[in-house]
Structure formats: structure tokens, C-alpha cells
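Trainee: Here it is, the structure, as C-alpha cells.
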């Protein structure tokens, strides 16, 4: 492993390891058996030259992540470019244009193709160059390598070879962070063999040599099997001795190591996979449109060639100027089939402009510019971390505007992954008076419900720490104002942590602070609780030399919160050595430093769900301190250890309902004999080699972790990220479904769901779960499968029979149940149920299950899915979804590296979708439709003229006109449409989230709209050709009586096309900047400039276009009048259509545009507010849905009151009438 010199965070003299964790020497363990396939690698330590032999020639350490190199760039990139249908067609056309059959100059076909393909290849080269420069940066890193005779020198990484020695720590230990490999931020301990421990100086390697025989390169990050042959002995190697590439040394200055794997043989490179190729739905549909246009091209070419064959057969004898007495093969009336075949090729070339050659490159350029705007959006810039949003691919911009379902991770995505110590239960007493986010939201809801029941006013309810804010009032006829909840913020104006001033500590209870716990009823138990917090961990303290304060590097954020809390309670963890931890205790006046000898550490695993340390205190007492999941700890309590079990269980239930993460704390006293016997068994298991090593360790650990005494439990809060509830509410109003996929337990996930309003009071929860009795049946698998299927069917039936239109359902399922629900015979019923529910929460799911659920939602619904997460366990679903969004959180960069877009916090997803997604979808959709319109308008005029001239194959336009049409004269306006167009501003997008549904409903790129634009192109082409032919064919062109020749009419017709298509795009745009004006009108001006300059070139170059504008067209009024007439005629249908639509059937954005244009929103704010309230999708999740439900409850309550009062009033009238009649009768 390479030597990495970094700034050590702890001085060597103060940093040690656990001596108890060192593996035993040769006398205590056997080496691995290395033979057979998969175990053929031999490494000669300190002798890299021996690997030059052919049989041992291993790969170099050079790493390349580029797609191309100098040799493969041209062939591979050309293949990618001509794999596209349009580009391949133009390649064939360019080749055919070289032959005499072509109606054009060959360069009019070749030049645009070279420009378009060259630009696309340039983009590919630029992106690959960036990857290459990243590779150069990695390959150029320096390591200190043994050069011989104990001399070490610096060498680049790409020059490091297998067998090289690189500059161990005097204790034979180092700490590494593997965040780049597996997303975990916790530090891992790596240690050397005892036999190599003396090799701690450079000169010790003067004569060092050895041989490593190990497994072949493989992608498994957590296993390694190998042996070291050294000094005639064989020593086993396991993952504890292996430092993987891309892990980082922490708290260690340098290490000595030998290179085993290099370059692409390393485990990190073996794990690297190419990101899946993703294409947007618009791009896929665009292929079908290209096929449609290609079919149109073939059709008109067939008609044209057939017409030419018929004309040749029937009328060739009449065309004396073609010498029918001596016919050529092409015009021989006796062989019309030959004429048809040859002319078909000519026609295919002639009408090629129906297919837009510059479409792909224009779209790529537009998408790159759109991605640039996303990257530079200050509203998505996180000032705290300095992280902007990043579009890591530009291929999916428009897909952001068509999302139907969002699949989100919870921890680090919805929550901060920042743990705050909030409450605890010690000796049956609950401590901590501060409320969690969930408790505050629940208290507010309960207060409103209670007010409804008791008929009290909300003004009489107490406000909790200034957080009961955000109310609107609705008048009632029979009572004073009733206040309604409108929003529950996830973050306060004054955050809770600011009151304590300590990050990770939001605890408030004076009974435990400042040593006051000594006055509590059970101070000994409290003392043990606090010592467990301070001692039971594997964290490393880092002391700030300036302030003297400790910060901690730990395996999880929970441990950091525990240590911070212990410090605040007066038990500060200050130092760790090779065998001890030191705690500064301040509860008895002056601080007293106590040393606890660490004898063993029983590590936490997801299977064990607990961790323990065995220590010896200053009195010599051996203690086992254990913390873990309550269900695990409670099962291991002794009879005498259950004193506080009932009270603690009650407190844990309350903490769980409050959305807090809980752990139970316990201990056990050990005697020397018992510990000594167990310790020998533990070391035997620890140093064993084989597949059953972990099982042996767990079994031995389980022997010790029993007969525990419960002292209490902790409750930490995984806080919601800033703005998460508001973002979810806005996305719900935009019509998006949100599913949460989390590894957390069900109770925690449900409570977080309540906090961010994915769940609410009154929502019917459908919980799909395995029943415990199913495991006792003869075939538990079949019984479980049948049970889950029946639960799904019954739940679906219940939803169908529900008659209340406002009823909302939430689906909750755990990972074990999901295993069966995702099987082929059940998964589509499960999907149908999930789609019918307002929210879906999947708990205890594995990374693979996250990916499978995402795939099911994507393929089963056929709609666009977006997955968002921040950890390595989210990579699968991020890559599986149509769009993957990574959050730059504290769980590493794996998710970001695998994503299509990255943001710093979940709340930025609102703007990414509702603003940029909406804009990009409409821009790309309108841009593509316009592209086809302008090419049909232009291409069909060629067909009409050919038919007019007897299908002669004659082009009416000059070759240079054809060359400039797509590439120069009409390219910039369409790019400005794709980059700058805004139907409404970003503020309005956020105020009217229902506008987003135009994307998922595909209103702007359905076949009706596409065919409408194509029909508009057909109409425009007919008008342009018909008016020009009708005007110039029957009258003189100039005042001198001259008639227009083909060049004058072709130039006039081309002028009309340039004006028509540019005016059309101006009418299409809703938002103008000076850039659009410059591009649109500048393109028209550019045409006249080109015409004037081209006409001044010598006749040898300009040909029949010599002085065409200055002498022929410009002096003729009919030229200008024809242009104006054509502009009016071609735009008339579009103006009529848009006027009809805006007047009688306006879309949402049409109404908003008119309101904004006439400033009605400023003049009538109530109307603007009313329109905003209407412009949202009917949703059953989010704060808005909660408010709507509350309003419905209030209205129902008021209606019931009115009904009761009406009945009572009627009864009073009847009673009064009866009394009067009775009195009269008595009289």
C-alpha cells in the first residue's frame, strides 16, 4: 500500500492501540491453504523485478477511466455518431453526392455532416479529456518507495509495481476511512502481523524479502485470503492487514506496506461499474419521429421517381430538346424502370432536408447550456457546505420535468444524519424535557383536535417554545374565530441546538446537569449509566490545541452524540492508549482523571445489534459494559437485572413514538476466573482462519453478553433537514408521489413520516407484515407467501370499496415481508396496491431491495421515476431509476458519483424539478417540434418544385443556400428557444406547482402536438411554394418587363422560408431577452448580408447569383411584397389557433401569463391568492393535505351543529304550539 503523508491529528506519543486485539503468532494459528483456481497470485516482497517474468507480469498501477484513447477515439466515436439514424442517413447521402446522380454540389452534403459530427465528437473529446485529467491527477500522486539498501525515494503511483515496498507505525496499527469505498464514515482499525512489528525504520528493509501467496483479483471488499512466507515461516493474512486503494489514512502519519494489487486489479477498480446508459422519454420518442420523417422521405422519393418514370414513358417523345431520337439511358422511354431506379436515388438525396441534420448537435448544445444554468443556480447553492447543484449528465434535463414517483432514502436525505442527544431513561426515571420535532408536530395536531372536541378557542392553547406559529382564521357563526393549522415547520427561527450551544446535545433537564444527579434517588445507577456512555465505544478523541476541547471520530453519529452528552454531564472522554481509555470526571468538585483498562472489544454488527467492552476499573473490578437494541438487551437480562425493565420499556415506547433512535444500556460484573476462561476462547476465535470465524466470534461473544443488569436507555434525534416538510408539500402539490425506502425500523420511519407529513392523523395505514405463527407451519415459505398475497388483495379491495373521496391510505411494509412481495407472482399486485396509496414507506430494506422496488416502480408503471439518496447503500436505486439524484451528505460521495444530478440538501429537489424540470421539458419539447416544422417547410418546397418541373430532379435552391439553412440561418434561434424560453418565471413555478403536471401528462410532446406542428409545416410549405409560383409565373418580375428565372424565384422562395420560420419561432416564444431578439432578427439580417456579399463574388464562384440582391431582387417591389404576403399567410393559422385556445380553452400558463401581463396580481391580490390555491394538484400528503382535512372536519362539525340547532329549534316550536292548544282547550 502506498505511503500517504498527511497531517497527523494526534501525536504519536499519545496514540496507541488495543494490545488485546493483536492476532496471535505462528504458534497459535495455522496459515491458509492456498491452492487451486482463484489463488494463484504470487508476490515477491521487495523484489519487484521478479514480476517482469511473463508468468508473473501483473498489470501496472496506471488507472484509466476514459472511454477512449488516441487509437480508439476515432473509430469508437465515429461508430457512436453514425449509430444514430439521422447521421447514418447523411453519411450515405454524402457518399452518394460524390457521384453524378446527386442534384447538389457534394460539399453541400459533406460540409454540414462534418460540422455536426465534428461538433459532437468534440463534445465527447472534451468530456473524455476531463476524465483523462482526473486520471492523470490520480496517477501522478507520489508514494515513497524502497529503492534498495534501505533507501526510500518518491515515485509516481503509475510507476509503482507489484512487490514494491512503501514507507509502520510503532504500534503496528493504523486507522483508515473507507468512505470512498462503502460510504461508511466510521474509522476502521488495520494492524500488522506481530512478526513484522520490528520493521519500523527505513534501514530495517535493507535485506528484507518475503513472498505473499494470495487470492486473485476480485471485487469483494471485505475478504482477503493469503499467506506471507518470511524467515522460513508461513503467516496467514486476512483483511485486517490489507489497506485498500482509495481508503484514507486517518490519525496516522505513514505506514510501511507491500503492493499486492495494482491498477485495475485493485478491489476498488474491480468494483467500479459503468453507469447505465439512460435516455429520456423525449429522446426515445424523437427516434420514432425520425423514423416517421424517414418514411415520409421514402414516400415522396418513391412518388417523385414514379412520376419521373411515367413522364419518361408517356411524354419523352414530346420533349424535343432532350433528343428523343438519341435517348440517354436515364431518359429512354423504352426502359422506364431504369429511369425510376436511378431517379429514386436522386430523390432520396434531394429530399434529405426533411430530416434535420443539426437536430442532435443542437439538442446536445442546448442541454449542456441548460446544465450550466442548473450548476450556477444560486437558489440551489448550500452556503454552509459551499456545495452547488451539479448536473452530472446533461442527457436527462427534460426528464426532470416528467417525474411521476420519487423514491427517497431517509437517513441523511430527509434527515440530517446529525444525532442530537435529547432524552434518556435512567433507573426507571425519564430525563429530558425538550420536545422532538415529531412531538411538537403531534402536540400541535392534538391541540387542534382537542379544541374541536371541547369547543375551545385556539387562542387559549399554550404555545410551545414559540413553535406554535403559522395559523389562518376561519369565521364561525356560532363561536369566535377558530384557528387552523397551515404549516408546521421542520426548523425554527431559533434552532433548538442554539439554546445549549453544543452540537449534538439538545438535552434539557437540570436534574442531571452540573452534578445535580447526585441528589437523585439512584445516584449509583446514574453513575454507571454515565460511565457506560463515556467508556463503551471505539471512538478516537481529537484535542484542539488552541481551545483544549475534544471532538471525536467514531463509527457512527450516535456514538459522537453519546460522548458529547457524557462530557456535558461531567464525564469527558479525553484520551485513548493501546490498552486504556481516560475519562475526566467533574462531578465531585475538581476534575479527576480515571483510567479504565480496555481488555476486549466486542464489535457492533448489524446482525448482533449491540457492542460491548470489557474493562478493568481502578479498583481492579472487571466489568462488561454493553449497549444495543432494546429487544436484544432485554433478552439477555438476569433476574436481578430487570428491576427497571417495565419503566424503561414504557419510556422506550414513548421515545419511539417521538421519532427518536433508542439504545438500551446495561452492564455485568465479572470475576477473574470466569473472564480468564472466556478470554482464551475469545482469542482462539479471534485468531482463527476460515469461513466460520465470524460465527465463532459471535458465539463466544454471546457467552459473555448475558446475565446483564439494565441501567437505562438513550434517545437521540435524527433531525429533519432544513425545509424537508415544505419541499414534500410542494412536490405533493405538483402531483408527485413520494415513497420512502429506509433501513431504519418501522417505528422510526413512521414517526419521521408524521414529522414531514407523509403520514397524518386520519390516514388509514395498511401494514403488510409476516405473522409469527406462520413460522411454525410445515411449509413456512408457502404460508408466508400466501398470507402476504391475501393481505395485499384484501387491502386493494378495501381501497376500491372506500366511498369517501377524501380517504387517504398509507402502505407500510418491512424488508422481510418485501422479500416475498417482490417475487414474480406477487409483485404486480403489490405495485397496484402501492400506486393506489397516497404514501408508501418501506422499512428495514437492503440496498438490493431498494433497487428492486425502484425497478418495479419504473417498469411496472411505465412512468418516470426519480431516486434520491446520500449513501453507498443508495447507489443501486439511484442507478436503477430513470433519474438518480445524489445528496452531498456525510455518508461519502458514492451516491453523488453514481448520480445524474447532485444537490446539497433534499429541499433543493423542489426547485430542481418544479422550476428547472418544468422549463427544460417545455424547452426541449418545443425545440424539437419546431425543428421538424422548419425542415418540413423547407424540404417539401423541393418536392413541389420537382413535381412542377416534371419530376426532373432539379433543385430550385443554390447549393450554398442548402449548406447554410440548418447550420447557420436557422440554428441560433432554435438554440435560444431551448436555452432561454420561460412560459412563467421561477417564482410563479413555485407558486403554481400544478404547472409541473404539464410534463408528466406530456402535453407538449404528444403525437397530437407533434403532428400538429408537422401539419403546420406542410401548410407553410404549400403557401410558400404556391404564392411564389402563382405570383412569378404569370407576370413580369422587374419594371423592364423581365420575368423571373429559376435563380431569382428560388432566392425569393428561400427568403420567404427564412422569414416564415423565424417569425414562427418568435410567435412561439413567451419570454424574450436581447439574446433571442439578436438571434432571431440577426439570422434574417445575416441572410441578406450573405446574399449581398455572395453576389459580389466573381461569377466563377457566385455563378448565377452574381449581384442577385443588388441588381435583381432589391429593386423589384414584388420581391418585398411577396415576402410580406407569405409571412402573413404562413403565420395566420398559428395565430388563429393560439387565439382560439387562449380565449376558449386556455392552459394554466396562459391564464397566468395574462394575469402577469395586465398586472392583475398587483391590482387584485385576493384573486391572485385564490388562483394560487386552485393551481395545485389534489394531494393527500403534505401540510396542505393536512390543512384541507382539518377544514373538512371543521365544516362537518359546523354542519352537524347547525343541524342539531335546527332540530332543537323545530322541537321548541312544536312544544310551544302544543302548550298553547292545551291552554285554550282547558279554558
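Keep in mind that glycine also has a Cβ here, set from the backbone N, Cα and C atoms.
Feature table excerpt (TrEMBL):
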DOMAIN    43-110  domain 'P-type ATPase N-terminal'
DOMAIN    896-1146  domain 'P-type ATPase C-terminal'
TRANSMEM  85-101  transmembrane segment
TRANSMEM  107-126  transmembrane segment
TRANSMEM  288-311  transmembrane segment
TRANSMEM  337-361  transmembrane segment
TRANSMEM  931-948  transmembrane segment
TRANSMEM  960-980  transmembrane segment
TRANSMEM  1010-1032  transmembrane segment
TRANSMEM  1052-1072  transmembrane segment
TRANSMEM  1079-1097  transmembrane segment
TRANSMEM  1117-1136  transmembrane segment
Trainee: Between the transmembrane segment (85-101) and the stretches 288-311, 337-361, 931-948, work out which stretch tops the count of Cβ pairs under 8 Å.
Mentor: 337-361
Trainee: What else in the chain is close to the transmembrane segment (960-980), if you only count residues 6 or more beyond its ends and a Cβ gap under 8 Å?
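Mentor: For the transmembrane segment (960-980), the far contacts come to 104, 107-108, 111-112, 115-116, 353, 356-358, 362-363, 365-366, 369-370, 373, 923-924, 926-927, 930-931, 934-935, 938, 1050-1051, 1054, 1057-1058, 1061-1062, 1065-1066, 1068-1069, 1071, 1073, 1075-1076, 1079-1080, 1082-1083, 1086-1087, 1090, 1094, 1105.
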Trainee: Mind pulling out the one from 337-361, 1079-1097, 1117-1136 with the most Cβ pairs under 8 angstroms to the transmembrane segment (1052-1072)?
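Mentor: It is 1117-1136, which has the most Cβ pairs under 8 Å.
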Trainee: Counting only pairs at least 6 apart in sequence, do the transmembrane segment (288-311) and the transmembrane segment (1079-1097) share 3+ Cβ pairs under 8 Å?
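Mentor: Counting Cβ pairs under 8 Å (6 or more apart in sequence), the transmembrane segment (288-311) does not reach the transmembrane segment (1079-1097), since there are fewer than 3.
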Trainee: Return the average pLDDT for the domain 'P-type ATPase C-terminal' (896-1146) as a whole number.
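Mentor: Reported value for the domain 'P-type ATPase C-terminal' (896-1146) is a mean pLDDT of 89.
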